[in-house]
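The feature compositional bias 'Basic and acidic residues' is assigned by TrEMBL to 24-36. Annotation source TrEMBL lists domain 'TauD/TfdA-like' at 77-349. What TrEMBL records for 1-36 is region 'Disordered'.
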Amino acid sequence: MAPHSLEPTEEAPSYDINLPYKPASEKDQHKQEKVSKYPQYLPQWEPIFFPPCPEFDFFDPALRADKEKKTLLRDAEVKHISPKMGTELSGVQLSSMSDAAKDELALLVSERKCVVLRDQNFADWGPANQQNFAAYFGKPNYQPVTGSVPGFPGFHIIYRDGNQAEIDKFFEHKMTSTLWHQDVSYERQPPGYVILCILQAPEVGGDTVFASTAEAYNRLSPGFQSVLEGLRATHSSEKMCGFARANGGLCRKDPIRTSHPIVRLHPVTGEKSLFVNGEFIRGIDGWKDPESDILLNFLIDHITKGHDFQVRLSWKPKSVVIFDNRTTCHTATVDYDARSDKDRHMFRLASMAEVPIPAKE
């Protein structure tokens with residue numbers, strides 16, 4: 001898990017193949033605008049520098065919720081995707097939810113880890129309404145290296161425009177497109193609730209896979225759990241910022257390093273979960289690199305192979321997914337025909353929450 005230096009080069013393999021790190025050429029921009037159903041959400045890089053996020057108070061809206069969720073579920077059809085995690089809701093609209101319904105939605109997400117809402121008009125609601133909705137669940141996060149919507153820096157644009165040559169170059173270095181992670185785990189107060197809204201997707205493929213890191217923790221022996229509860233790991237955005245700069249992109253925020261507990265406590269459900277990922281962790285605090293590598297690789301291998309505590313979500317038009325970043329890891333999949341004209345285009349809005357609570361003080 002120790003990071004490797006990346007020398008600036010145009011031939012460097014993509015850090016995350018789902019994301020562009022710099023503006024497209026003028027020719028490619030014209031092409032993207034022609035084929036995109038939502039050209040106003042194509043990634044733009046405003047040269048704005050973000051200062052460090054100050055400490056802030058956070059109250060989880062799920063703690064206000066009616067435990068029976070009577071407002072949210074009054075007209076909803078509920079379908080659980082798997083026993084351990086994942087619920088699909090239909091018959092409700094995010095754009096018309098009352099505050100009581102939003103509180104209950106937060107509780108449902110806390111309990112079920114990820115919630116899929118179908119047939120939403122959320123994508124057409126406009127960036128101001130979308131960003132305000134996400135801000136109900138926590139402080140907006142500003143991603144430092146990827147494109148956003150002009151005037152709305154809380155948008156993180158996820159865009160794959162079918163560049164087969166770039167994908168081929170990526171797989172000269174990598175064996176899989178999967179990159180299991182929690183979003184923005186390097187922040188002092190990482191996101192709790194995260195919204196993904198699809199704008200355009202391939203007819204088949206491009207799914208997102210989620211794993212329950214709470215159930216992953218539960219599968220470990222009590223003795224092993226006890227060891228992990230005393231450990232912390234350092235999360236950092238240095239590798240991500242370094243890659244963006246090496247490839248001609250912007251990094252609009254100084255790199256961050258933050259120490260977090262490896263096992264964290266959920267403020268709503270009381271669950272313990274593993275807070276480790278394959279993207280942002282530099283190592284276990286106080287351990288040598290080989291020791292740290294062995295344990296972190298074991299934990300990430302355990303999470304990613306746990307298909308009996310995972311769900312794979314397909315992106316249908318007008319779908320929105322809201323997930324709990326505190327008790328899940330996730331990855332996109334680039335398994336579709338990149339030569340088709342079906343771009344994979346979505347946006348993320350991440351709502352920052354509490355400082356991770358250690359399972360053992």
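Each Cβ is built from the backbone N, Cα and C atoms, and glycine gets one as well.
Over the domain 'TauD/TfdA-like' (77-349), the average per-residue pLDDT in this prediction is 93. The residues of the compositional bias 'Basic and acidic residues' (24-36), classed with DSSP into helix (H, G, I), strand (E, B) and coil, number 10 helix, 0 strand, 3 coil.
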